[in-house]
Structure formats: structure tokens, C-alpha cells
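Copied over from Swiss-Prot:
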- Cys380: active site, nucleophile (ACT_SITE)
- His516: active site (ACT_SITE)
- Glu518: active site (ACT_SITE)
- Ser14, Asp147, Ile148, Glu149, Lys187, Thr188, Lys189, Pro190, Thr191, Gln192, Lys223: CTP binding site (BINDING)
- Ser14, Lys187, Thr188, Lys189, Pro190, Thr191, Gln192, Lys223: UTP binding site (BINDING)
- Ser15, Leu16, Gly17, Lys18, Gly19, Ile20, Asp72: ATP binding site (BINDING)
- Asp72, Glu140: Mg(2+) binding site (BINDING)
- Gly353, Leu381, Gly382, Met383, Gln384, Glu404, Arg471: L-glutamine binding site (BINDING)
- 291-543: domain 'Glutamine amidotransferase type-1' (DOMAIN)
- 1-266: region 'Amidoligase domain' (REGION)
Amino acid sequence: MRVNYIFVTGGVVSSLGKGIATASLAAVLEARGLSVTIIKLDPYINMDPGTISPVQHGEVFITEDGAETDLDLGHYERFIRTKMRHHNNFTAGKIYADVLRKERRGDYLGATIQIIPHVTDTIKKWLIAGAFGHDVLLVEIGGTVGDIESLPFLEAIRQMVMEVNREQTLYIHLTLVPFIAVSGELKTKPTQHSVKELLSIGIQPDILICRSDRVISNSERKKISLFCNVPKQAIIALQDVDSIYKIPALLKDQGLDNYICKRFNLNCPEANLSDWEEVIYYQEHPIGEVTVGMVGKYIELVDAYKSVTEALKHAGIKNRFIVNIRLINSQDVEKLGIEKTLKGLDAILVPGGFGYRGVEGKILSAQYARENNIPYFGICLGMQVALIEFARHVAGMPEANSTEFVTNCKCPVIALITECKDENGIFITHNDNTNLGGTMRLGNQACYLIKGSLTHQIYGKSTILERHRHRYEVNNMLLKHITHAGLSCVGFSKKNNLVEVIEYPNHPWFIGSQFHPEFNSTPREGHPLFIGFIKAAIEYQHRHNKLI
């Protein structure tokens, strides 16, 4: 099967939106009936982003097979139907580790190990393997052309021409065309210099995607075409839009998919973007709006909760409501109090996280939602703080806590997987080798829902598959005291020994999930839990307005 390769690089500045542009192009090609996948190459030395601070790097996106990957893979899954896996994200650290492992084994037979050919050959081998079974592979190279870290990756994609033929490769370069207010002009010089930098590496871009905050005129496109040696029809203008889900249509309207299909000699029907047109229609024709408070500790960088914020927007689209997300620092809840931080919300969501900082603010948020019948959705740590709060204030366990926060906790309602006991005080059979990542539960896990529960009603089925990323669990030894006080455990892992979902029946909508449903939400389908959560927020708003 012939595979065609599209390599996407970026220039001038970082954070131009290569990931979204790549995903949007993939969506248009997929809409033409092509089988498409995407690989992200990250130039940092970390093995994966799993241990990088969310404030520095953004969220860690978890794939079905449990890989901790770059947040761009979340964009890919939201735009195309192909599911990402561990081979869809490679870092420089992972590449170097593989090369060094082979060197220690003697695979190179005493050769001097160098960037060229050993590192570049490994990159090419992994790209070709990742493309297997697809019509088109798009490869996004992280970083900016000119960065020293990106050079091995750029050299590898330059060499791909000789590996798979020039007719099967295409280079797209994403650049910035800034508007200079003083002169009132868009400037093409940064794009020209960026292409010159790329040419010095040996790569002539076939297509330029020019980012700008306004429409790029015909004369400016001609100028870029002349100085960058790229055909005018291959100069794509990508101006700022109010919704990223409009970008597939923007690319199609400029004929980018036709140009690519012609270049690859692909005979396929016109792109059918009716799904995306429906998404945009509902997004632009809301019948109301609600405000959701998201209480977290990494709110200074919105990308730290990217999948959660997108899932809330998807649920808004499905309910035809605008979802206004108020980012609330959980430490502010502790310091400033509920009146100044949580008032005026239609729903409260506490997302996942690690560490003790800000936890008491999250517990206060769960308590406020429970006592005031405000819809509450706790994800991962958000479920755990809801359980701790209930244990302290309803189940008569004032010292309830997690061993993550208090090592010698007298009442450990949450504990490490290896510390958890069943209701008879016997350790649950988990060890460092039980799950991928040692004691970390990662990736898809089966969950069984109790019939008659709200969560079962929302999903409409008894068995679900959701993605996990955590190492602390509900301690079953203390669970009876909590459930006798009124909290329901309605979702369990495969062996029924790990709590996956909790509910508070004496509340309109109070759900906590140990898994991360946000990773399975897409703009076209949404996710049942998020859709139900926003529906509950709408109903709360209506009830609240009637009382006023």
C-alpha cells in the first residue's frame, strides 16, 4: 500500500498553531475518504511529557494504550477519527534512548554512533512504521525552524525524499505574517527569512500556510510566492477565527486539499464537511449560556486543562448553550473564601491534578456544590476530594484524607494502589508490575456501571471503556462507612475491587469519576458525562432563576 507523507514545520515564532493546522488538514483529507494518521515529533530530551509541569508544557494527553503524550495528540483525536497510540508521539529523548540501548547491546557492531545516520535512521524507521496501513501520514515537527534541538528531525524528514520518493512527500511550512500597526501593513519579510532558513537545511517547502490576524491580500500572496519559490495557489492564508473548528472549511475553501490530492495523484471524492458545518451552526446559534467554575491549581496556563475545556465546549455545542468557563485557583478558594470565588456559578468542575497544594480549596468547592445542590463533576483527583469531603462532613470521619497528602493518615480513604485494602483489611493484589507505569494506572480500563444509577442512565450501557492516569485509589477498607452515610459507588473496575464512579443520590447531579472522560470527547459527538453535566447546569440555572 502506497503511503503519502506530509511534513509540517513552523517558523518565525512558536505557538502559531501547527497542531491545529495539521489536525484541520487531516480532517479535510479524511472527509475525502482517505485513511489519515498523524505523528508528532517533539525535540525535547524528556522521554515523554509525563513528568513535565503542566504550567510549563500544558496537559498530558493519555492515549488508549496508556501513552503519556503531547497535548497536540488531543487536537488530532478531536479532528479525525483515527485513535492515537504510543507510536504517534516521539520525543528526542525517546529516540536517543533507543539508539543508546542498541549501542549497549552491540547492534551497531562497534561503529561510532552519530546523529547522522544513527539518530536520523531511527526517526525515519519509526515514521515509516507509524504510517503503515494509511493513505496519508502527516508529521508535525515541534519547535521552530532554527532551533538547535529540531535539527535531527529536520534532517530526517529531508532524507525521507530518498526513502519513499519525492512524489510521495510534501513539505508544508507554517509562518507568521505580522501586521505592523505603525505602517498599517502586513509584513512578509519574516516568512521570507524563515523559508530561507529552511532552504539552508535542504528543504524547499511545497506549501506555505501564512498565519495572520487579518486577511492576506492577493498582492501579498504574490510577493510571498515570488520570494519563497512557492506557487501562488500553494500560499494558504490562515487568519484568526473565533472557533478552531472553522479551520477545516477555511483550508478547503482555498483548495488546499485539491492541491495535495493532485500532487499525490489521489483520485478521491470532494471533502464532505457537513459534520463540521453542523458543529459550527450549533456553536453560532446558541439558545442560552451557562457559567461553569473550574477549580484547579494550574489555571495560569489554560492549556494545562485543554481537553477538559474543549470537552465542556463540545457539551455546550450538543446542548446548544455557550459554556463560559471561569478558571478558579483552588488556593484562592482557601484564602478568599467561597463568597468571593464560587458565587454565581451554574456548575462546578474539579479536574485532575497531583500534590497537596490547593487541595483544601477543592474540598471546599465539593462541599459547597453538595450543600447547595449545584451540579458537581469531579475528575480523578476531583472525585477523590469529593469523597474526602463527604467522609469528613457526612460520614463522621473528620480526619479523612489521602496518603498522597498525609503519609501517616489515620483515616486514609484514598491511598496508593499498593496500600489499598479490601473491606476485610486484606491488601488488594496490585504491585509495581501490575499496570503500565508501575503503580500508575494508564490508558483504557473497563468499568462496570450499576444499573439504575445516574451514570448508567447517562451512558445507556453497563460496560464502558475510559482512560486513566492516576496511582491513588479509593480505599475499600473504609468504604462501608462512607456508603452507609449515603454516598453511592456506582462504577467498578473489572474485578470489582476498585471504585471508578461515585454519586450522591440526594443531589440533582453529583458525579465523580476516577477516569478522565475528557480524553474521549470530540466536537462532533461530545461525551455523555459532559453533555449530562452541562444539561444539569442548564436545569440548575432555570431552577435558580425561578427562585429569584
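Just so it is clear, glycine is given a Cβ too, placed from its N, Cα and C backbone atoms.
Since the structure is predicted, the reported quantities are computational estimates derived from the model, not experimental observations.
Feature annotations (Swiss-Prot) mapped to structure.
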residue : record                   : Cβ contacts under 8 Å, 6 or more apart
Ser15   : ATP binding site         : none
Lys18   : ATP binding site         : Val8, Thr9, Gly10, Asp72, Glu140, Gly142, Leu174
Gly19   : ATP binding site         : Lys40, Leu71, Asp72, His75, Tyr76, Glu140
Ile20   : ATP binding site         : His75, Ile244, Ile247
Ile148  : CTP binding site         : none
Gly353  : L-glutamine binding site : Gly296, Lys297, Tyr298, Cys380, Leu381
Gln384  : L-glutamine binding site : Gly378, Ser402, Ile414, Tyr472, Val474, Gly512, Gln514
Glu518  : active site              : Ser307, Val308, Glu310, Ala311, Pro351, Ile379, His527, Phe530
**Request:** Could you check the recorded positions Lys187, Lys189, Lys223, Arg471, His516 and say which one's CB has the most other CB atoms within 10 Å?
**Result:** His516
**Prompt:** What Cα-Cα separation, expressed in whole Å, is found between Gly17 (ATP binding site) and Gly382 (L-glutamine binding site)?
**Reply:** 30
**Prompt:** Across all chains shown, how many C-beta atoms besides its own are within 10 angstroms of the C-beta of Ser14 (CTP binding site)?
**Reply:** 11
**Complete:** Averaged over the domain 'Glutamine amidotransferase type-1' (291-543), the pLDDT of the predicted model comes to 92
**Request:** By CA-CA distance, flag whichever of Thr191, Lys223, His516 among the recorded positions is nearest to Glu404 (L-glutamine binding site).
**Result:** His516
**Prompt:** For His516 (active site) and Met383 (L-glutamine binding site), what Cα-Cα distance in Å is obtained after rounding to a whole number?
**Reply:** 11
**Message:** If I take the Cα of Leu16 (ATP binding site) as reference, which of the binding-site residues Thr188, Thr191, Gln192, Gly382, Arg471 has the closest Cα?
**Reply:** Thr191
**Prompt:** Quick one: largest C-alpha distance among Ser14, Lys187, Thr188, Lys189, Pro190, Thr191, Gln192, Lys223, binding UTP per the record, in angstrom?
**Reply:** 23
**Request:** Could you measure between Gln192 (UTP binding site) and Lys223 (CTP binding site) for me? Cα positions, answer in whole angstrom.
**Result:** 10
**Fill in**
Rounded to a whole number of Å, the separation of the Cα atoms of Ser14 (CTP binding site) and Pro190 (UTP binding site) comes to 13
**Fill in**
For Lys189 (CTP binding site) and Met383 (L-glutamine binding site), the CA-to-CA distance in whole Å is 52
**Message:** For the binding-site residues listed here (Asp72, Glu140, Glu404), tell me which residue's CB has the most neighbouring CB atoms inside 10 Å.
**Reply:** Glu140
**Asked** Using Cα-Cα distances with a 10 Å cut-off, which of the binding-site residues Thr188, Gly382, Arg471 are near Lys223 (CTP binding site)?
**Response** Thr188
